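Asks: Got a structure for you, written out below as structure tokens; questions coming shortly.
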Amino acid sequence: MSLNLSVTAVVPAAGIGTRMQADIPKQYLEIAGKTILEHTLDALMAHPLVNHIIIAAHPDDNILPTLPFYKKSWLTVVKGGAERAQSVLNAVSTLPETAWALVHDAARPCLSTEDIGKLLTLINDQSVAGGILATPVRDTMKRAHPTKKQIVSHTESRESLWHALTPQLFRAGALTHAIQAGLTSGVLITDEASAMEAVGHQVKLVAGNPANIKITHPEDLPLAAFYLSQLANTHKE
Ligand SMILES: Nc1ccn([C@@H]2O[C@H](COP(=O)(O)OP(=O)(O)OP(=O)(O)O)[C@@H](O)[C@H]2O)c(=O)n1
Ligand SMILES: C[C@](O)(CO)[C@H](O)COP(=O)(O)O
């Protein structure tokens with residue numbers, strides 16, 4: 001892949017972390033002396049093809065401007081929206097249509113450079129509009145009964161079932177149009193791929209490291225700390 005290619009990372013970071021039950025948004029909780037957001041930005045910038053980052057931040061975010069990287073030339077900050085999809089749209093719509101947008105949750109700091117590289121190989125794959133890091137489901141999947149709380153209705157087939165992770169890689173123009181169409185039509189957009197799928201694009205699943213967890217609940221913090229320590233060890237080798 002030619003190194004003169006450049007990729008812009010888009011980091012939705014405008015959430016308030018309700019499920020984390022912390023007194024600050026979870027992306028600003030610290031692990032090993034750095035905020036989760038700083039770990040995430042470090043992971044993205046570690047890949048040589050990623051040379052700019054757009055963060056979508058909450059309009060009332062008064063922590064972001066205090067962080068060391070805030071004035072860096074490789075960073076742009078845009079206003080986040082009420083939903084993740086709007087935050088991503090506010091960022092990706094500022095890019096040239098043909099630019100590659102690597103969309104990655106601020107809450108996923110345990111991202112390896114190797115996994116970024118695996119996803120970026122899709123830039124040379126003309127058969128798909130882009131793709132996502134994902135991991136095959138390991139557990140048997142149960143569908144709960146819609147009205148009987150936590151009673152099993154039936155077992156879902158886990159055949160060809162994957163957990164969608166991030167980053168998710170698409171061209172900015174196609175992704176902008178897909179999210180706009182989804183928000184207009186009321187399609188549920190919980191990730192970039194769902195918007196792209198809804199307008200008929202082919203999306204590739206790229207097997208990624210299951211350590212790339214999304215920090216969501218309090219019990220995710222020590223697990224993320226462990227995975228980050230493992231990543232730090234691999235960087236030292
Ligand atoms: N309106 C929103 C909502 C979420 N996000 C971002 O999208 C990522 C994944 O969202 P999630 O894990 O749900 O984060 P929160 O919305 O903060 O968590 P919660 O749902 O528990 O409030 C996070 O990095 C979050 O900051 C965003 O940019 N804009
Ligand atoms: C984008 C995502 O991380 C892929 O699994 C997930 O959909 C985000 O969901 P959330 O409810 O906004 O955390």
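FYI, residue positions are counted from 1 along the chain as it appears here.
Cβ from N, Cα, C; glycine included.
Look at TrEMBL and you will find Arg19, Lys26 tagged as site 'Transition state stabilizer'. Sequence annotations record features per position, and here TrEMBL assigns site 'Positions MEP for the nucleophilic attack' to Arg158, Lys214.
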Asks: Please report the distance from the Cα of Lys214 (site 'Positions MEP for the nucleophilic attack') to the Cα of Arg158 (site 'Positions MEP for the nucleophilic attack'), rounded to the nearest angstrom.
Replies: 21
Asks: Mind running the recorded sites Arg19, Lys26, Arg158, Lys214 against ligand 2 and keeping the ones whose CB falls under 6 Å of it?
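Replies: Once distances to ligand 2 are taken from each Cβ, Lys214 fall under 6 Å.
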Asks: What whole-number Å value do you get for the CA-CA distance of Arg158 (site 'Positions MEP for the nucleophilic attack') and Arg19 (site 'Transition state stabilizer')?
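Replies: Here the two Cα atoms are 26 Å apart.
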Asks: Cβ neighbours within 10 Å, counted over all protein chains: which one of the recorded sites Arg19, Lys26 has the most?
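Replies: Its Cβ has the most other Cβ atoms within 10 Å: Lys26.
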Asks: To which of the recorded sites Arg158, Lys214 does the lowest count of other Cβ atoms within 10 Å belong?
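Replies: Fewest other Cβ atoms within 10 Å, among the recorded sites Arg158, Lys214, is found for Arg158.
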Asks: Return one of helix, strand or coil for Arg19 (site 'Transition state stabilizer'), based on DSSP.
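Replies: Note: Arg19 (site 'Transition state stabilizer') is helical by DSSP.
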Asks: Let me know the DSSP-derived helix, strand or coil state of Arg158 (site 'Positions MEP for the nucleophilic attack'), please.
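Replies: Note: Arg158 (site 'Positions MEP for the nucleophilic attack') is coil by DSSP, not helix or strand.
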Asks: Rounded to the nearest angstrom, how far is the Cα of Arg19 (site 'Transition state stabilizer') from the Cα of Lys26 (site 'Transition state stabilizer')?
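Replies: Distance (Cα to Cα, whole Å): 9 Å.
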Asks: Translate the DSSP assignment of Lys26 (site 'Transition state stabilizer') into the three-state scheme.
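Replies: Assignment for Lys26 (site 'Transition state stabilizer') reads helix.
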